[in-house]
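Feature annotations, reproduced from TrEMBL:
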type	residues	note
DOMAIN	346-582	domain 'COPA/B second beta-propeller'
DOMAIN	609-764	domain 'COPA/B TPR'
DOMAIN	813-1217	domain 'Coatomer alpha subunit C-terminal'
REPEAT	47-88	repeat 'WD'
REPEAT	89-130	repeat 'WD'
REPEAT	131-164	repeat 'WD'
REPEAT	200-241	repeat 'WD'
REPEAT	244-285	repeat 'WD'
Amino acid sequence: MLTKFETKSNRVKGLSFHNKRPWILASLHTGVIQLWDYRVGTLIDRFDEHEGPVRGVDFHNSQPLFVSGGDDYTIKVWNYKLRRCLFTLLGHLDYIRTVQFHHESPWILSASDDQTIRIWNWQSRTCIAVLTGHNHYVMCAVFHPKEDLVVSASLDQTIRVWDIGALRKKTVSPADDSLRLSEMSSDMFGGVDAVVKYVLEGHDRGVNWASFHPTLPLIVSGADDRQIKLWRMNDMKAWEVDTLRGHTNNVSCVMFHAKQDIIVSNSEDKSIRVWDVTKRIGIQTFRREHDRFWVLAFHPEMNLIAAGHDSGMIVFKLERERPAFSVSGDSLYYVKDRFLRIYGFITQKDTQGIPIRRPGSLSLNQSPKTLSYNPTENAVLLSSDVDGGSYELYVLPKDGRVDSAQDVMRGLGVSAVFVARNRFAVLDKVNNNVLVKNLKNEIVKKSSLPFAADSIFYAGTGNLLCRTEDRITIFDLQQRIVLCDLQIPFIKYVVWSSDMESVALLGKHVIVVANKKLVHQFTIHETIRVKSGAWDDNGVFIYTTLNHMKYCLPNGDSGIIMTLDVPLYVAKVYQKVVFCLDRNGKPWPMSIDTTEYMFKLSLLKKKYDSIMSMIRKSQLFGQAIIAYLQQKGFPEVALHLVKDERTRFNLALECGNIQTAVASANEIDEKDHWYRLGVEALRQGNASIVEYAYQKTKNFERLSFLYLITGNIEKLSKMMKIAEIKNDVMGQFHNSLYLGDIYERVKVLEKAGHLPLAYVTASVHGLKEDADRLAKELGDNVPSLPHGKVPSLLIPPAPVLSCGDWPLLRVTKGIFEGGLDNVGKAGEEEEEEEALDADWVEDLDIDDVIGLQNGSVEIVIKNGEVIEGNDEEGGWDLEDLELPPEVVSPKTSVSGRSSVFITPTLGMPVSQSWIKDSSLAGEHAAAGNFDTAMRLLNRQLGIKNFTPLKAMFLDMYVGSQSYLRAFDSAPVVLLEIEKGWIEASNCNARCAPALVLNFSQLDDKLKAAYRATKDGKFTEALRLFVSILQTIPLIVVDSRREVDEVKELIVIAKEYVIGLTMEVMRKEIKDDITRQQELAAYFTHCNLQTVHLRLALVNAMTICFKAGNYMTSATFARRLIETNPPNENQAKKARQVLQACERNMKDATDLNYDFRNPFVVCGATYVPIYRGQKDVSCPYCGSRFVPSTEGSICAVCELAVVGSDASGLLCSPTQMR
């Protein structure tokens, strides 16, 4: 059984597959109907309007409907798109057992405990036939898949076959009037629409299920007499053919397989059995420990079966459907229908080769699993599960004639693969050996593997890629050594690139890509099962899932090529054609559109000419491509693929293309877009565009300040006039401040009623006449000026030069700027004239200020005078400026001077050079790149909790930086501190950063932790060991020897953290003597220093002796004596305890502790995990845990996620060479 999906729920009584979508309905004993997607394993919806158990459910084969029947006597028809019940059919008087839609007519068939079968028209919502005859509960009723027949099973021990042909004729409108007349008379005089054709008797107890064969005139039934009976029928009669015995309890459900000559049944004996229809014997049995099976369902088109049981349901296959195949050159070798077939990729011809032996065993899954082809000797190796794992060697005839094939050679082995011209390797899993054999099937060499492999794959001449449970290893058969290994999830298939430089490792939901030395490059996770893959000539990996064909680029980016109707297995990719095999073993050459991934690949490889060609010739559009280009830093390319003005505007701002941004802003003409354009133009120093944007948004405050900082006194004066016309007092005052116009300032303050301020301003600035006039108006309220202080005048310095746009460097146009401007405009030539220091807007003359409102009076300013006007337009609008043509879509001004200052090229920052080629997290943290440091730690060690590392990150960054004071007016100079720098060294040569954390500090911490442990200061010792574990990820050492010492230190710290934690926990437990003994016992099995182990043994011996567990106490005493303690008191005490215990060798309490069985202690629950039990481990510290803790933060190091994937510790540059 190949399990594809499993659910946990209440008892499942009804099941139904959708014929197109990967959905299954499950009706539960609680009254809930669940809709599951079995492909991704998610619950899509639930329907719970029934009261009581729902025993039957069925999908319609074309409409978005399903029907259900339950113990509330009702039949409900649902629309799963609307997610509600459409209507309810009432008529049955007892529980409804099964419901089914007819495959053609608008009928529903239902069977009930009221001893009747009913046929309903779901369109008219009426009952059109009632089939009576059974005298007990009707347990099931099923339509024939092709004929007008119904079979029913009842607890009255009979199976009835009903003819409903008359009902079909009645629903079809007869063309002849005589037929219509006969139909009316039959209705009038009680005509029968369904009649019993056969009554099958033979079961000794009630019959629970009966069903038709999809093509043959056969019926199968299962009953409470634990038997399955096979019946045959013809036009005249039906009779029993045979009885299948084997179930030990009531048979719940039984069906014919749609594509194979087998019967599948399930029973309350907690088993599913598979029977051979031809030989009429059982061939396989699948059992559950605690769950009775109740119902079966077959997928109408795929090889899937579902079974419902007491605690949920299971979706499974009986056999693998992946054909065994291998690619060699331009040919595909594969097995189909017991023949080896050869398909030519160039000729696309499929030829039949030699016959393949049919396995003598009747078990399922005996077909070949893998095929290995040797092109030199024209030989084929087939591996299968026959006899627990075996292989067959065929040498193909040179002349191509089938009858001249040699005899097949066989042998036992889990997997077999060619490794040289005339050698192949066989894995002997029992003895953990690899046997190298010649083409005569003789053993040439035997190599013992240093690890427990369960499968082998080809990895180059003389090399094997061996798979274990959690890693893969390349093993050299000649030298008998391990070349390299990689820790990854369990994989199923291995696909090498044509140059053997890259390998894709395919798991159930994961693809891991590595190079030939098994250095991890990237991992792709899929929610849908991965089925196959192949490399194309450009280094792109093409792979298929159950419903998609996808691509994967060399940098790990992936995308969808196409959606698949059926699962396909990729054999070879040649240019734009993908050659696949389907599940029936039929080759499929499929043309694909490679534009998208070739475009991305060209970006990755910086082949800009290819990119330009693709943009010109292909239709590359869509949000996905644009988002990808933005993400990868190519907004200027995305700009040429976009027509939407808002998107063009955003992209133009991102790549700094002001000219395009202005054109888009003119099209959009929204305030927010003009504001953003002004911000970007100001950043670039393009004052004319900033002015244009501010005028569009009527942002007069910003406009005035712009004129101030650019020294444009003339326009600033006009802005003051505009503020006066608008009666904007604050704007007028600000502009007078910017201009340094004292007379205007005094005038504004006086007009606004602030006479004291106007007086002070006039007096301070020496305007005696105005001051005297204001003093008279103020009378006795003249403010006094402070004596003895020199006033500072609020007058801005006069601009020496009124500047426009900032000067720009002369730079070479990028390949995408000039080359793509005319995309879609071939043949058009545009000549652009760029004026030196050109303004984007015409000078803001007073003539442009038309129709400004000032109270109720409309005025205009002309030639500096205010006159009345009668313009009908109200409000002052800068958009009415008469702008020159080039200003409508202004263009960025470019300095045209010949002598331009070119700033020197900025060099690479020292911190960036530290991390340029480094994969050491410590160096990234020292450079201040905390984000990349965390990503490295996550990838290398599976670390997810970075809170304990925060202080160390900051210390490392601060410790590798220093600051040098310069002049008082200049900022401090940042200096990076490098390790091993000398004055005579090259100034351009960069060294690694000086790190504040080093290995010698950890050595001192370890010694202090040992002292604290010996002194019994367990809390302090525990803190020190945890600190060591949390410091190591950021340590950098220089030699391989030190790398080994660091790894050894991780193991030491891990053992002490687990042990000391248990000891601290034991001291806190006061009332649980049993748990105290267990924790003390587990502590003695931690890998401790001998002096600490003796103390732990004395402790455990004493606690167990006091608790009356003399047998356990004696084991600790013996272990203590075996350590030869130098302290005579310890040895004497151990001998006394052993002598006392041997008089009464028994334990008062049972402990969860068996010293004879090797174990490790779970780092979270502190219970033993004995050898052979499943466990998960921390990818960093290596602590072991019970499987239930998978996915949580490790309780030992407090950093990594238990059970996550990681590539391993990197702490030295020597590991990266």
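Cβ atoms are placed via backbone N, Cα and C, with glycine included.
Automated prediction, rather than curation, is the source of TrEMBL annotations.
If you take every residue in the domain 'COPA/B TPR' (609-764) and average the pLDDT, you get 82. For the repeat 'WD' (89-130), the DSSP-based tally of helix, strand and coil residues reads 0 helix, 25 strand, 17 coil. Taking Cβ pairs closer than 8 Å, the repeat 'WD' (131-164) reaches residues 94-95, 97-98, 100, 102-103, 107, 109-113, 115-119, 193-201, 203-212, 214, 219, 221, 223-224, 231, 233, 238 in its own chain, all 6 or more past its ends. Residues of the same chain lying 6 or more positions beyond the ends of the repeat 'WD' (200-241) and with a Cβ under 8 Å from any Cβ of it are 136-137, 139-140, 142, 144-145, 149, 151-161, 247-256, 258, 263, 265, 267, 269, 275, 277, 280. Each residue in the repeat 'WD' (200-241) gets a DSSP state, and the totals come to 0 helix, 25 strand, 17 coil.
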